[in-house]
Amino acid sequence: MEGTDTDSLNTDNGEFGRGCGGRSRDSWNTDNSEFGRGCGGRSRGRRDFKSSFSAAGGEENGNNGINWNNTEGERGGFRGRGGRGFRGESRRGSRGGGGFRQGGDQSGREGFGGGYRGKDEEIFAKGENKDPEKKDLTDGDKPKVTYIPPTLPEDEDSIFAHYETGINFDKYDDIMVDVSGTNPPQAITSFDEAALCESLIKNVRKSGYVKPTPVQKHGIPAIFAGRDLMACAQTGSGKTAAFLLPILQQLMADGVAASCFSELQEPEVVIVAPTRELINQIYLEARKFAFGTCVRPVVVYGGVSIGHQIREISRGCNILCGTPGRLMDMIGRGKVGLSKVRYLVLDEADRMLDMGFEPDMRRLVDSPGMPSKENRQTLMFSATYPEDIQRMAADFLKMDYLFLAVGVVGGACSDVEQTFIQVSKFSKREQLLDLLIATGMERTMVFVETKRQADFIAAFLCQEKVPTTSIHGDREQREREQALADFRSGKCPVLVATSVAARGLDIPDVQHVVNFDLPNSIDEYVHRIGRTGRCGNLGRAVSFFDPDADGQLARALITVLSKAQQEVPSWLEESAFSGPSITGFNPPRRNFASTDARKREFSQDNNVKSQPPAPPAADDEEWE
Ligand SMILES: Nc1ncnc2c1ncn2[C@@H]1O[C@H](COP(=O)(O)OP(=O)(O)OP(=O)(O)O)[C@@H](O)[C@H]1O
């Protein structure tokens, strides 16, 4: 993995390389400039690229930090694309064997045989071996994944570290809540009413929770009542605790305790989420709330040594948190049995049921031993629920499931101030720099549409001395986790990210989200901007709107802005109601669901037709 010192990256416009030991002539050319970068500082080009950027350490599991001014030939300078050499269409300046051709990479786009791959790299074409390590065991043509995440701190201060609720936390009480379905149970108004056991109550207090948020007030009793649930609440409003607390309470009431005496572990709870970082975060929340109890959560996700995860499972597993690929792998290997599953939770449920993950979800519920939907409780949570997905979700739920809508289904968090700047493709980079300089060291997530763009922008910002790191699906897991850690700690206040970081991540003090590229889907926009303005705190989102590229999103953006009581720029309205979008040349977009899709079906007046799912984003995160 490490030591591919001759790596190079060429893009259509330029080349981006990494060298070592001062021998490098690697360089990064763009249309405007060329960032030569060599470890020995012998770069060529008009602008020296001295701010080498590294989230990768030299040790496999090391914790080496970012190196901003690495001119000394250390390994681990900025490395895009999972640390391997990358070569785009052009072969200019490539050196050595580290590069691979994007177009000809059989494990990439062409190698999937048409199989759709989700935004995280957990989804592979049918029949393809999913796990690099498993593959290693069979044909040995891929390096074994040996990464083991750093041991988690055991002290209470670290486990219960949390950020404060914001000034708008109490405004949650004013949000409209709609619970549909027969006989919904009474909402609770305090955690005391939830009658949690002593250790859980202690853990809730230590987490800084004083009163429940609306999704908790309604979700907790629904789960206690044994109901299946489809819950929709705005980003950052406490959906995770809404399912973890009642589940943990029930497990404890039933005296569930982890046991390491069986080779096959049979968890009572399976939680799935679309990305590695998100499932890890959910696991950390479960571990926090289960602190001091006999209930043991475990997490499994790709990019980490499978042997390590098998050992963790074998120590006892009541709550198994996983990304779909690795979870199915564990089941396939006979390490996990499903016959005791009582709760199946889909976080980011609309994502888990869209065309990327739906086949895996169906395989999961059809796996041997998995209790039928009548014999388990299925819980779905998200901030967005397109109606077509709601209809499909019903396949996984009991007939009488409850639909809980807190605020506008699919609506943006109203604590995020949304601003749009009209830009042309060519001015974005400079605008971003100006913006970041103006906001100083505010913690900022910059979303871009492709992995290549993420590398490119991160390198550009580093070169401009803005402490930046990046996260995307081609970075090694160690690098991804290091990038998040550096962003969380403030060591790198700017994180350039693809959609892999759009959903669920709860990072303290993210004051600012920038959509350098707007996403294709409005739901994705809502999730992205929801990385700020969490838990009653205020946040800001600035989006670059390029009329040539983003016109098809304009109308949906206007709806989101209006529903969040935000000002709609007149130029955005003009863009929405002129041009091709009005003539129907757009790809079909999903409806906003304002409520439970069942209500619409039964409504006499309903003349809203279901639309086919939006096509996946034209994003290399999706397809490679
Ligand atoms: N009742 C509460 N009191 C105080 N803080 C809370 C409460 N509930 C949740 N939180 C905190 O609020 C933050 C956001 O919660 P969480 O990540 O569960 O949001 P979410 O609704 O799942 O967001 P997203 O849609 O982005 O996934 C977390 O830091 C969580 O610990």
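Yeah, the Cβs are placed from backbone N, Cα and C, and that goes for glycine too.
Those TrEMBL annotations? Automatic predictions, nothing curated.
Checking TrEMBL for motif 'Q motif' across the ranges 160-188, 189-217, 305-333 points to 189-217.
Over the motif 'Q motif' (189-217), the average per-residue pLDDT in this prediction is 97. Secondary structure counts, DSSP: the domain 'Helicase C-terminal' (431-576) has 70 helix, 26 strand, 50 coil.
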